[in-house]
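Written out below as structure tokens is the structure these notes cover.
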Amino acid sequence: MGPYLSQPKRDKTTTTGQGKSVIFAASEMQGWRNTMEDAHIHRPDIIQDVSVFGVFDGHGGREVAQFVEKHFVDELLKNKNFKEQKFEEALKETFLKMDELLLTPEGQKELNQYKATDTDESYAGCTANVALIYKNTLYVANAGDSRSVLCRNNTNHDMSVDHKPDNPEEKSRIERAGGFVSDGRVNGNLNLSRALGDLEYKRDNKLRSNEQLIIALPDVKKTELTPQDKFILMGCDGVFETLNHQELLKQVNSTIGQAQVTEELLKKAAEDLLDQLLAPDTSQGTGCDNMTTILVYLRR
């Protein structure tokens, strides 16, 4: 059996909500893929003045993405730096904490409960792209190739950069760890250089966590929000395959326009976007992945 269905699953699961400073819609669609391996979080006002959103694109199974979806916010709230409003460090530490939890006996047991097939959980992992909004500051922590794009003055202000093995800095680390990059893949296998999980690539006891073949340490980008900032578009890589960032923002803006933004309007914008991105067939390979997007409208 190949990676694709004979017909796509177009049904969408969409959640909407709002907080003091945001309105959001999170929508996911399995599409042409045999299984759904994406997960996401949406937590407006987890504490006063803080909202958190995240997308997790699984590979090698759905289990790590589901694990992170369940545990990320709880671990972030427990984090000492989070409590001291040191959000950049808190995000980094929470990404690394996910790997720590996955390595525990309890974590391994939970992964097995999530598994859809009898696969080796050591090769399961997920990307993580998490946006934290604190008052007028936006932080985006990223490991992998999911993305966040801020619509600023109706143009794209990119809040993350993909972590690919061919990137010179990433490639140097991989080679220092004893690995190689072939066809854009770590050891010829994984097409990401940073991810949560993927524990088989993180087993060299002589190396620190940020020196392994694959690392969970995210980049964190920070920006001060202005009245010109309209919304954040978050998504797994399947959302970004066929249209560039400016085209994606234009598509969302064509739905919400200058109207009073509501949960229902954002729901329509998110679902319409996924419909447009879905390929009519699998011949080209793009528009065929699982798709998850979160639209976070900023109340200014």
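Every residue, even glycine, has its Cβ placed from backbone N, Cα and C.
Swiss-Prot has this to say about the protein:
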- 23-298: domain 'PPM-type phosphatase' (DOMAIN)
- Asp57, Gly58: Mn(2+) 1 binding site (BINDING)
- Asp57, Asp237, Asp289: Mn(2+) 2 binding site (BINDING)
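Here the features listed in Swiss-Prot are placed on the structure.
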residue : record                : Cβ neighbours (10 Å)
Asp57   : Mn(2+) 1 binding site : 28
Gly58   : Mn(2+) 1 binding site : 28
Asp237  : Mn(2+) 2 binding site : 20
Asp289  : Mn(2+) 2 binding site : 26
Check your understanding: Which chain neighbours of the Mn(2+) 2 site, leaving out Asp57, Asp237, Asp289, have a Cβ atom within 8 Å of the mean position of the site's Cβ atoms?
Key -> Asp38, Thr127, Asp145, Ser146, Cys236, Gly238, Val239, Glu241, Asn290, Met291
**Study point:** Whole-number Å value for how far Asp57 (Mn(2+) 1 binding site) lies from Asp237 (Mn(2+) 2 binding site) (Cα to Cα)
**Key:** 8
Review point. Which value does the mean pLDDT take for the domain 'PPM-type phosphatase' (23-298) in this predicted structure?
Key: 95
Exercise for review: Determine, to the nearest whole angstrom, how far the Cα atom of Asp57 (Mn(2+) 1 binding site) is from the Cα atom of Asp289 (Mn(2+) 2 binding site).
Suggested key: 10
Check your understanding: Roughly how many Å separate the Cα of Asp289 (Mn(2+) 2 binding site) from that of Gly58 (Mn(2+) 1 binding site), to the nearest whole number?
Key -> 11
